[in-house]
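Engineer: Sending over a structure as structure tokens; questions will come in a sec.
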């Protein structure tokens with residue numbers, strides 16, 4: 001068996017505000033032979049990745065501080081609920097960046113609650129689509145996350161990372177047909193895990209840990225004022241407002 | 001012949017698992033530690049949990065002592081404790097948090 005040196009190992013950036021969870025994910029990743037860097041916030045993660053907080057990529061500004069340590073990572077694994085920038089916010093920032101969008105992102109969360117999706121304007125019908133609910137995990141997957149792990153993260157979850165890392169290592173377009181089956185295989189376990197998670201959550205009761213509403217916070221605040229139920233509510237509530245339609 | 005300290009520890013952990021204090025997640029990490037270069041991983045994790053958990057407990061107690069209990073602050077603390085207990089494998093603590101959280105949620109719904 002050859003010794004794997006630092007340069008040939010995959011580098012994973014783990015983001016979590018909880019000390020315990022950082023220790024745990026670091027152990028699991030190292031156990032799976034990944035090089036690990038841990039940070040306690042989304043903004044620190046972006047800093048390390050070379051994205052300034054205003055959303056500008058470092059390549060657009062010639063003068064970046066020489067003290068700024070920037071790293072190259074092959075995968076980002078982040079907690080969903082964090083103060084300030086949530087894991088979902090971080091996901092959107094990474095996927096919205098030309099330099100970082102190809103880095104696979106995995107989200108970890110202690111809950112897979114139904115996420116309130118703000119009403120969106122449907123241009124075809126010129127009307128706002130009603131507020132609807134999808135699970136947090138589904139929403140993350142739909143918005144670019146490769147996987148959604150329910151905490152506590154297990155060793156078995158680490159095995160799912162490999163395929164996402166290997167996918168990226170194949171740059172040639174003609175490799176696409178080979179990649180497809182891998183992607184399908186991976187999709188299944190994620191969906192399966194979500195079903196398991198949903199069952200688990202119902203069994204022990206849902207806990208709402210942080211807000212799942214969209215990026216537009218003012219919109220979310222306005223909706224709260226209209227009397228729509230907060231995400232903390234576990235049973236469906238009929239809103240007083242005539243605007244709310246829960247499907 | 002007295003059991004070695006390690007055997008005693010293993011049997012203590014088995015008992016805790018069998019009585020529901022620890023869950024499968026803890027056992028997985030415990031087993032994982034055997035093959036690890038850092039044999040103090042579990043000790044470090046548990047120590048951190050006990051320290052942080054202690055602090056959260058004190059904060060919970062303070063919140064509950066107030067004449068008007070801040071249910072939102074209480075919920076947040078419970079979520080925090082549920083998170084660490086779940087990550088460390090402390091099953092009873094986690095279940096207690098879930099139970100108390102449900103109760104607090106019911107109280108909140110009643111108040112609104």
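For all residues, glycine too, the Cβ spot is worked out from N, Cα and C.
A quick note: this is a predicted structure, and the numbers were derived from the prediction, not measured.
Annotation comment: TrEMBL describes A:227-247 as compositional bias 'Polar residues'. For A:11-166, the entry in TrEMBL reads domain 'Response regulatory'. TrEMBL lists A:79 with the feature 4-aspartylphosphate. Under the heading region 'Disordered', TrEMBL lists A:195-247.
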Engineer: For a quick check of packing: other C-beta atoms within 10 Å of the C-beta of the residue listed as '4-aspartylphosphate', how many?
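Structural biologist: Around the residue listed as '4-aspartylphosphate', other Cβ atoms within 10 Å: 28.
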Engineer: Translate the DSSP assignment of residue A:79 (4-aspartylphosphate) into the three-state scheme.
Structural biologist: strand
Engineer: Any idea what the model's mean pLDDT is for the domain 'Response regulatory' (A:11-166)?
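Structural biologist: The answer is 87, the mean pLDDT of the model over that range.
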